[in-house]
Each structure stands twice: as C-alpha cells, then as structure tokens.
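Undergrad: Submitted below is the structure of interest, expressed as structure tokens.
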C-alpha cells in the first residue's frame, strides 16, 4: 500500500507541474487572442480610444478635416503631361474624408484619404489669409498614415505660391507654382523627406528649385507619422519626424544649387594656348640603355639544380580509371559508345609524384624586361590650365532666403501605387509651441493607441521574447523554466537535472511536500477506523446514536439488518480495515 501511495503522490506532483505549464500557456493564448484590422469584431477588441476633440489652437492655417471639409478643399480636374514620352495623365485619384480603417487612434477622428491605387491625385485648399514669412519663423506640420503601406508613391505637401491672378484650384497640377514642397517620398531607390523651396533670382527674375542635399529617410506605414519643418529667420532649418530631430542645418549651405551664386566664374571666352605644357614629367632625353641590358632575356628559366625525387613514380599515371565505377545497366554500347569509367586521382601519387618528371621553372635573375628612360621633371611645365576668372555678371547675395515667396494655398499633388494614404492635422504658422501642442493633442495620443494595436496584431514569437522576469510575472517565470526542464527531460533526464538545478530543486521540494501530505493523509485514513473501534468499545455507555458510533453500530441502533441494502457498504469498509491491520 505504501509503494502504491508513493507512486500516486509522485505522479500527482508531476501532473500538477505539467498542468501548471499547460494552464499558463492557455492563459497566454487567451491574453493574446485578438482581431486584426479588417475583422468584423476589430472595433470591439481594440483598446479604449479617446474621443476626438477639435483643437482650440489658432494658426494661419489649421486643418483637422472636421465638418464641411469639402467647402474648403477642391479636387483638381487637370491633366499632367510627362516630359519623357509626352504621355498625358489626368488627376483621376479619388479623395474622401473618413476615419482610418487600420489601427484607429481616436474615435471620430477623420482625415483626408487618397483612395485610388496607381493614380494621380491632386487637391488643394486656400489659406484664409496670405502667409508672408518675412523675418519670421515658419512651421509646417502634418500627419501621414499609409494604411496599406507605401512601396512607391509620394506623400508630400506643397505650399502654393500666391499670385495676383489667384490660384486656380481645379487646374492644380505639377506645373502650379509652389513656394515649399515638404514631406516623404518613396519609390525604387528614392526614400527621402523632401524639403525644396523655390527661390527667385533678383537679377534675372528666374525661379530656381533649391533641394536639401542630405534629406532624411522617410518613415511610412500603418502607424501615423508626424512630419515637422521649422525654418527660422536666422536661416537655419530643422526637420522632425515623430517629434525627434532628423535633419538640421543652414539654408545658405545645405541646398543644391546654392542660394547665392559664386562671385566669380570662368571666362567663357578664354581658351588654352596651343603651346601650353601640362605634362609635369617627361622621359630623360639624355638617358641611354646600359650595354648589359638584355631585353630578350626570358622572365623564367629551367632550374638546372633541380633533381628528380627518389620516390618519384614515373611508371604510374597521375589519374587512373575509378576501380569502383560500375557500368550502368541501361548503357548501350551501340548507341552510347564504349563505356569508359571516370578517372580519379591515383592513390599511389598522394605522397609523391607520378608520371614523367619535368624540371621546374624558376625566376630568371638576369631578366630586366623592356628598357625605358627614367622620368624627370619637365622644364617647360606650366601647370594644369584653367580659364581665368571674371566677375559673375549674375552675382547676387540673398542673406535671408527664409523670406519665402508668399503662400496662398496648400495642396497635395502626388502619384501613388498604394491606396488609403491618410493626411491629418495640418498646421502652417509661426509658432513652434502651438505645433507641439497640436501634436500633443493628436499625434501623441494616437501613437500610443496605434502602437498598442500593432503589438497585439503582431506579437513577438516566443523564441524572441525570452522568459519574463520574476518581478514582472512570477508564475510565468517559473513556468518558462519548468517548460524548458520538461523538454530537456524528455530527451535526457539526467542532463535536465544537471543543467537546470534550480528547477530540479523546486520539483524535489514540491514532490517532497506533496509526498509528505500524502503520507499524512494515508496515515490518517488507515489509523482512524482502529482508533475509533477501540475507543467505542471502551467508551460506549448508551444505545443512543452519537458522533463516535461506527456505521455498524448505527445500523443496529436504528433497526438495520445484515441483509439490508446497506450491507455491501458495511462489508466493504470492514474489508479495508482488515487489509490495513494486516
């Protein structure tokens, strides 16, 4: 009985350990069960979202795409001609204002969405008042959410130049003059955040695009990304992505072509004189070939001192037919020709040479090659010719390029292969603090909610997560180590015990405690009937039913008989007691 009890108790302990692992795994799976964007129950399973509230921040232009957006924004009906092949495209891409369908960040928060894949999109809106940035800070900020990703397309914004004739919004195209182009662009080898401004040459009156040379990489994806451009009146700029600085520098130094032209240029009428000598060195005309210089001497000659090794096997072939080769069963000599086994290296030649011995070649010490006269400095050398410099007739100096051309409207003129690119929370003004406050009200809140949804939809593989710490998840910490122990024990129990001593000790303690409790329980169960019988035989003074009466005595007192239906139970108990006594 004792051995059976020990086995049952041990099995119970191990079963409890395995059950604990399985239960914890089930708990993890229950925690990770979720719906990804697009599922019917996604909204219900998404984390609690804050309700969208329109901002109270004021700016020359601030757009959150709330009610009546279509009264402010006009979709283009223009066509676009490509310069390469003369093809004409229409801006047929559809626009809509709607809530995001992937990882929504706020309830009721809508944005402007480019709906059509593989299409040209163009839409614009007028500023309430023309923005003049003279001697002021310009801040441009907006959000981009590429809900289905962006492999090839633009997501940049254009600040359109004001003109006396007014901006023709329905004819907005790539030809419409703009003051600043800012934002992400990605396709093929292009992946950058554009910052381009158009600058007017005060001498010629011609506008020229100035491109940021070292543009930062774009961040595009299903999560909302915040793009911020800050240009200060000290001619410095800074580009931020998601509130962190991605690029900064000077308008006067970091753009190509530069804002200000060179003061001097090459004289276009100057040409190199015919007698100009640019060769710094020439062969020495006074040098002669030495008399002992043999140009015909070979570079390599036979080594006359070499001798054939004593173990060289001249009668052996370096390669022999493979002795293990077998003629294929389907080989037909008439059709395939005589079968010849493949050649293999001769094993007799592994430690020495075989075949006809040939004297080796060595470098010829008398070899000098083709003689040529040594080079000397050219006494007639005048240097590398360059045209003379003259004053640049088109020179000007604009030390304040941040005084951009006046801005009358804002627009998106893009081509994209992917659909559902969402734009939101556009700020154009002069206050860095207001732009940051708007980001705190919108992007920062959405980013937290979107990030949480992304983590739920894309859990890290267990192999990458690693076991949790005891402080973070005590049960998970123990279960992770117990799980490893069980996996090792299936292959090599002794290795599991040696490599996981802590788990082995815990299991031993669990089994010990369980075994102790089991033994106590067995002892109580086996000892109780004898103690009760002896006590009853000595202590009974009445026929009334008491708590000390055993079942047999109770039956006799209440009129039970040996042939009643309760008799099997009484016999069964008696048998157990007798076995225990033995």
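Glycine is no exception: its Cβ is also placed from the backbone N, Cα and C atoms.
Dumping what TrEMBL says about this protein:
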| type | residues | note |
| --- | --- | --- |
| DISULFID | 152-187 | disulfide bond |
| REGION | 248-295 | region 'Disordered' |
| REGION | 322-345 | region 'Disordered' |
| REGION | 532-582 | region 'Disordered' |
| SIGNAL | 1-23 | signal peptide |
| TRANSMEM | 502-528 | transmembrane segment |
Undergrad: When secondary structure is assigned with DSSP, how many helix, strand and coil residues does the region 'Disordered' (322-345) contain?
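TA: Helix, strand, coil within the region 'Disordered' (322-345): 4 helix, 3 strand, 17 coil.
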Undergrad: Using a Cβ cut-off under 8 Å and a sequence separation of 6 or more, which residues in the same chain sit near residue 187 (disulfide bond)?
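TA: Spatial neighbours, sequence-distant, of residue 187 (disulfide bond): 151, 152, 153, 154, 417.
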Undergrad: Per DSSP, what is the residue count of the region 'Disordered' (248-295) in each of helix, strand and coil?
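TA: Computed counts for the region 'Disordered' (248-295) are 0 helix, 11 strand, 37 coil.
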Undergrad: What is the Cβ neighbour count of residue 152 (disulfide bond) at a 10 Å cut-off, with all protein chains included?
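TA: I count 14 other Cβ atoms within 10 Å of it.
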